[in-house]
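Here's what Swiss-Prot has on this protein:
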type    : residues : note
SITE    : 3        : site 'Embedded in zwitterionic and anionic membranes most of the time'
MOD_RES : 14       : leucine amide
């Protein structure tokens, strides 16, 4: 799992 990808997804949801 990529941390940056997870952060990007969270930013999109937020």
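Cβ coordinates are placed from backbone N, Cα and C, and glycine is handled just like the others.
With a cut-off of 8 Å between CB atoms and residues at least 6 apart in sequence, the same chain places nothing near residue 14 (leucine amide). Within 10 Å of the Cβ of residue 3 (site 'Embedded in zwitterionic and anionic membranes most of the time') there are 7 other Cβ atoms, across all protein chains. DSSP assigns residue 14 (leucine amide) to coil in the three-state reduction, placing it in neither a helix nor a strand.
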